[in-house]
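One structure below.
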């Protein structure tokens, strides 16, 4: 599981940063990539990475400002032109369906794969046997959402060495034991399967925020996550601009991470006014509140390692 930032700027593209898009690489988990937002030229950014468009399985849109959606129609078309045939799911606030369908229709773009567009409000917007994704409304003037992505706990591994020490040979009985069943061996020995399975492996948790002012919904979404991705459009001394334009400062993002007890904070959506050493200053501002901070640049990647069952 890896976060790969494709665009980390705010508002409009700049020489150093493209507009918003971040990929959640789930290649080991499900052979797929999920995309969060798709600003202008996202597909061009993808060309500089190992991401294969046909492996993009789901796209989650935080809100309908252009710097978060203008790259979507082009990416959908290119995915088809490049041989993508598997279904693609797009999730977004009300209006995303009209935007996508109109862009594809007016441009005469025909897709070779099934496209499913789901408009959501708050609550669980996706769940399967591996993951659950929850959305909450943030504070950005027009509807902007944050996402909490939770990997479900994995079953514990079978304690094979302990079974072999008891003379239990590999075979179908191992599956029974792994399911926690009580089994009786040929010699009458009773095996309680629950005692021969390691504790479950704790799933990983990520929170990815759309554009927002500091708000309680961000704290709730980020509760206990391994990684919080939060916008930091402005420096701490420009809180008045953050308030007026419905954005956050570095310190406000750090406050969310601290209150939520997140393990790591990654800052993104950085104004082009901050260059070079000024970006280092943004990190230092956040660290006065929350120590484990990184500032994302385009093509930054962050691995999210699964901890042991006793590391919560």
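Positions of Cβ are set from backbone N, Cα and C atoms, glycine also.
When the candidates 140, 240 are compared with the Zn(2+) 1 site entry in Swiss-Prot, which names 63, 65, 211, the shared residue is 140. The Cβ of residue 140 (Zn(2+) 1 binding site) has 22 neighbouring Cβ atoms from other residues within 10 Å, across all protein chains displayed. Comparing the binding-site residues 63, 65, 68, 269 on other C-beta atoms within 10 angstroms of each C-beta gives the minimum for 65. In this structure, of the recorded positions 67, 211, the smallest number of CB atoms within 10 A of the CB marks 67. Between residue 211 (Zn(2+) 1 binding site) and residue 68 (Zn(2+) 2 binding site), the C-alpha separation comes to 10 Å. Within 8 Å of the centroid of the Cβ atoms of 63, 65, 140, 211, where the record puts Zn(2+) 1, the same chain has further Cβ atoms from 62, 64, 68, 138, 141, 142, 144, 210, 212, 246.
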